[in-house]
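Look at Swiss-Prot and you will find HIS99, HIS101, GLU105, HIS144 tagged as Fe(2+) binding site, backed by sequence analysis. Marked as Ni(2+) binding site by Swiss-Prot: HIS99, HIS101, GLU105, HIS144.
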Amino acid sequence: MGEAAKDQTEEVIQAWYLDNKEEDQKLPHHKDPKEFVSLDKLAELGVLCWRLDADNYETDEELKRIRESRGYSYMDLCEVCPEKLPNYEEKVKMFFEEHLHIDEEIRYCLAGSGYFDVRDLNDIWIRVWVKKGGLIVFPAGIYHRFTVDSDNYMKAMRLFVGGPVWTAYNRPHDHLPARKAYMKKFLKVIGDRNIDASA
């Protein structure tokens with residue numbers, strides 16, 4: 001990703017280390033002082049980011065190119081807000097449980113905003129704020145969670161390879177092949193110790 005494209009992407013996708021306070025999950029939870037995380041660091045964890053034209057997603061050639069190159073054949077739209085999502089509070093709590101999937105999770109924010117939290121190489125939470133125009137891909141096997149921010153609204157495009165399978169495996173599920181493959185590819189070393197991804 002070129003510097004200009006990265007700068008534009010950082011306008012709609014920003015990341016920082018969480019303060020780990022247990023109060024309202026919908027707040028930013030910056031550390032004091034703030035510790036921002038670059039898109040390059042997210043990429044080291046397997047998290048991919050793009051900035052796209054959310055107002056013209058139906059005709060966006062870049063979205064089409066990404067979908068074709070990555071095999072995202074299925075698409076649907078969902079709105080996470082009290083008025084549109086049945087059992088809203090229950091669902092928001094469920095999304096915020098730390099979990100992984102055996103396939104990629106792909107979300108494209110068409111309106112509103114929300115937080116995706118992921119773990120770094122030392123198992124410390126990074127908060128990723130995705131706003132309108134941000135497309136983010138989480139690799140299979142990465143532990144993560146989601147919450148809307150204090151605006152309580154996000155309209156997202158969900159993309160899938162094949163059918164819309166969304167099965168969450170709450171932590172711990174380190175025995176799953178997708179987790180082992182993720183650890184082998186991205187978490188080879190934590191601190192000074194090697195991870196045995198075959199265990």
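Even glycines carry a Cβ here, placed using N, Cα and C.
Location within the structure of each feature annotated in Swiss-Prot.
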{"residue": "HIS99", "record": "Fe(2+) binding site", "Cβ contacts under 8 Å, 6 or more apart": "TYR143, HIS144, ARG145, ALA168, TYR169, ASN170, ARG171, HIS173"}
{"residue": "HIS101", "record": "Fe(2+) binding site", "Cβ contacts under 8 Å, 6 or more apart": "PHE138, ALA140, GLY141, TRP166, THR167, ALA168, TYR169, ALA178"}
{"residue": "GLU105", "record": "Fe(2+) binding site", "Cβ contacts under 8 Å, 6 or more apart": "VAL137, PHE138, HIS144, TRP166"}
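Apart from HIS99, HIS101, GLU105, HIS144, the residues listed for Ni(2+), the same chain places the Cβ atoms of LEU100, PHE138, ILE142, TYR143, ARG145, ALA168 within 8 Å of the centroid of those Cβ atoms. With a 10 A radius on its CB, HIS144 (Fe(2+) binding site) counts 23 other CB atoms from all the protein chains.
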